[in-house]
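What Swiss-Prot says about this protein:
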- 252-261: compositional bias 'Gly residues' (COMPBIAS)
- 28-239: domain 'MARVEL' (DOMAIN)
- 241-261: region 'Disordered' (REGION)
- 55-117: topological domain 'Vesicular' (TOPO_DOM)
- 173-214: topological domain 'Vesicular' (TOPO_DOM)
- 34-54: transmembrane segment (TRANSMEM)
- 118-138: transmembrane segment (TRANSMEM)
- 152-172: transmembrane segment (TRANSMEM)
- 215-235: transmembrane segment (TRANSMEM)
């Protein structure tokens with residue numbers, strides 16, 4: 001037991017010595033391993049910023065001749081991240097009653113928060129992981145390349161991140177398609193108040209451009225490509241691709257010395 005405890009202490013002491021030896025080495029950034037990690041870092045920022053920062057609105061015009069109003073009046077519903085459309089109610093201009101209807105009781109249809117939040121949350125985690133990985137590449141280059149576990153952990157995380165980028169981007173792309181439908185021309189069909197029997201005629205006017213959301217989907221799949229491509233370069237750092245330095249040194253010095261002639 002004492003020998004095992006001493007071995008553990010020695011390992012921790014060696015690890016602490018390596019961690020304390022922080023030296024900035026920018027050479028890994030010139031290699032694909034570090035350079036692609038920088039691209040992944042930037043791409044993750046664009047992914048969660050373009051999605052999480054979106055705010056928009058959709059407008060319809062209302063005409064109700066049965067109550068003596070023959071002019072079109074505008075009713076607006078605002079929405080944004082995390083896209084709980086079923087909580088986005090319609091609003092009229094201040095101190096204006098449109099067709100004697102309480103429009104705040106009428107909301108958009110659909111809840112797409114699960115796909116949007118999963119996408120943004122994962123992108124933020126990727127952003128933080130890229131910072132930690134770059135710090136390890138640049139500040140602890142020797143520790144990373146002399147270790148067997150760190151490159152393997154990095155490789156596993158890279159594979160998992162590639163898969164999750166595919167899943168989250170696909171789910172978010174599908175949700176975005178549904179959001180466009182739910183905030184577009186179909187509003188008039190879905191609103192119960194907009195029917196001839198109620199005497200209220202509704203006409204779709206406009207909806208905020210969702211170009212930034214389209215960009216977020218593009219960056220999602222771009223991230224998937226970057227992480228998938230970087231998996232090869234991370235794999236090359238693992239013991240699966242090349243033997244460790246320890247094994248190499250044993251193989252070189254393990255044979256019996258040759259006798260001179």
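Quick reminder: no glycine exception, Cβ is built from N, Cα and C everywhere.
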Contacting positions for the transmembrane segment (152-172) when only residues 6+ beyond its ends and CB under 8 Å are counted: 51, 115-116, 118-119, 122-123, 126, 129, 133, 216-217, 220-221, 223-224, 227-228, 230-231, 234-235, 237-240
Cβ-Cβ under 8 Å with the topological domain 'Vesicular' (173-214): same-chain residues at least 6 beyond its ends: 50-51, 53-67, 72, 74, 77, 79, 83, 85, 99, 101, 106, 108-110, 112, 115-116, 220
Counts of helix, strand and coil residues, the topological domain 'Vesicular' (173-214), according to DSSP: 22 helix, 7 strand, 13 coil
Reported mean pLDDT - the topological domain 'Vesicular' (173-214): 90
